[in-house]
Amino acid sequence: MAEVLVLVEVAPDGSGVRKTTLEALTAARALGEPSAVVLGAPGTAATVKDALAEYGAAKVYVGESDEIDAYLVAPKAEVLAQLVADKAPAAVVIPSTPEGKEVAGRLAIKTGSGFLTDVTEIAADGTATQVAFAGATIVHSKVTTGTPIYTLRGNSVTPEPAAGAAEEEAITVSISDAAKQTRVVDRVVEQKSDRPELTEAAIVVSGGRGVASAENFSVIEGLADSLGAAVGASRAAVDSGFYPHSFQVGQTGKTVSPQLYIAVGISGAIQHRAGMQTSKNIVAVNKDPEAPIFELADFGVVGDLNTVVPAATQQITARK
Amino acid sequence: MNIVVLVKQVPDSGSERALDSSDNTVARASADNVINEMDEYAIEEALTVKESQGGEVTVLTVGPAGATDAIRKALSMGADKAVHVTDDAIHGSCAVQTSAVIAAALAQMEYDLVICGAESTDGQVSVMPALLSERLGVPHLSGARKLTVEGSTLKVERQTDGGFWALEAQTPAIVSTWDTINEPRYPSFKGIMAAKKKPVETKSLADLGVDAGSVGLATATSQVLDFAGRPPKGEGVKVTDEGDGAEKLVGYLAAQKIV
């Protein structure tokens, strides 16, 4: 069976693999037998190996060196390109994070291949599905040159367990000077949150301009916490200083595709729709019955968010 | 410090956008074309660096003959001059091919710093600077929410989830900017008038020494097979809150087995 390389995304706090990795392993199975590639500091593979076995990795290629994390992106692309040359895989699947996309692009140049970013599905014949123009258009594409490289958009594929041998094979890490040009001097955590990561969360509750103030975002956070959800914000809310930019959902922010998306006080401008249109289930609360968000909503409440949302939060908490 | 800013003219993300059914490429002729919004942050950052370090800001774009609006916008904000790579053979090129064209153009320019926006709002591939870094062998500092220039050392705060990474590299280098890095200026009337007199150099593939057969739809490294509009969503339920909005909302979530 054809081998498909899957680049593993490790949680930054060392707690194991990110869900994106399990999604990528699942998607890769359409093309062949997935082999996981773990690149990072010494000791990284030990934290993720069990999960990789559980999600069908036949092999686990381990490239561990302090040099990988000391420089930005380029070392990973270099090691991965060497592995592609050695193993001649049928394809490479990478989680579609900012780093993952940069690795994919560099790998494409190094291996003379084509690549497709933010794919939501990969078919057995290699055809990938992408959504374009704020989710309004669905595109099918195929790589026609070299080893197809895909980056898989988070939450597009449901991870399905499948037993894999996860046979470990150490790979040599030898980083060229060319890949050591951008040094990562420090990694700084500014906001520590107990809420799920926005792009990985099964439920996202977002607030918009209608929330009216930074203080009032506690209404959004309250509902999110009652549902175990991540908190998002529209660009209007971020631009007004209600919530930090790293939580922005939309064209110039994060793209999310959760099971449930609750838009509160968000009108639904195309800028916002671009980041949430592929959510499975959309609920909207807005006082304006004409707000475009209702065109997308599976369930909408026309009303004042300051009464509806706290009441809903209370009822959800009471049901537990 | 000589700075090149990459800009792209794209269909306005606020208007109807489509693919052209004849060859599955972005329909640019029928669209309301504007400068890629994310590029304005790159231009602003280039002008800010120039103000503190001196030098010249050159705009580089690859696009059809009509892509001059994006160039004019950049020049009216304060860029000094522009290079416009245009050639019919480029139509339908994939990101890999386009990166070869841009790299060839950059190779003919003198630069210490190349600045790009985070992504284009049409293709949204967002890897062009990484491709150029790979082709040109210069460092890439990506996702910058802050850029500091200290002599030939560039320091960047790379935006991450809940924080940042501090990056450092030496010039020449490529920096891609996040939209938190600055607030782009509006062109002044004076700037708009001055832009009309600023030099715009047009280059063909032959000028760059790029083989026309190596770019374009026929030899692209990936191909769009087909596309379709997203199927319209079934009519959703909309209720008006009359004191029972929360109850109905929770009832819906319960019916969906979410609570």
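Cβ atoms are placed via backbone N, Cα and C, with glycine included.
Bear in mind that the values here come from a model prediction, so they are computed numbers and not experimental data.
According to TrEMBL, the FAD binding site annotation covers A:Arg209, A:234-235, A:248-252, A:265-272, A:Asn286. The secondary structure of A:Ala269 (FAD binding site), as reduced to three states from DSSP, is coil rather than helix or strand.
Under the heading domain 'Electron transfer flavoprotein alpha/beta-subunit N-terminal', TrEMBL lists A:4-187.
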Chain B contacts among the binding-site residues A:Arg209, A:Gln248, A:Gln251, A:Ile266 (Cβ under 8 Å): A:Gln251
Long-range Cβ environment of A:His272 (FAD binding site), under 8 Å and at least 6 residues apart: A:Gly208, A:Ser234, A:Arg235, A:Val249, A:Gly250, A:Gln251, A:Ala263, A:Ile266, A:Ile293
Site with most surrounding Cβ atoms, counting all protein chains shown within 10 Å, from the binding-site residues A:Arg209, A:Gln248, A:Ile266, A:Ala269: A:Ile266
Confidence summary for the domain 'Electron transfer flavoprotein alpha/beta-subunit N-terminal' (A:4-187), mean pLDDT rounded: 95
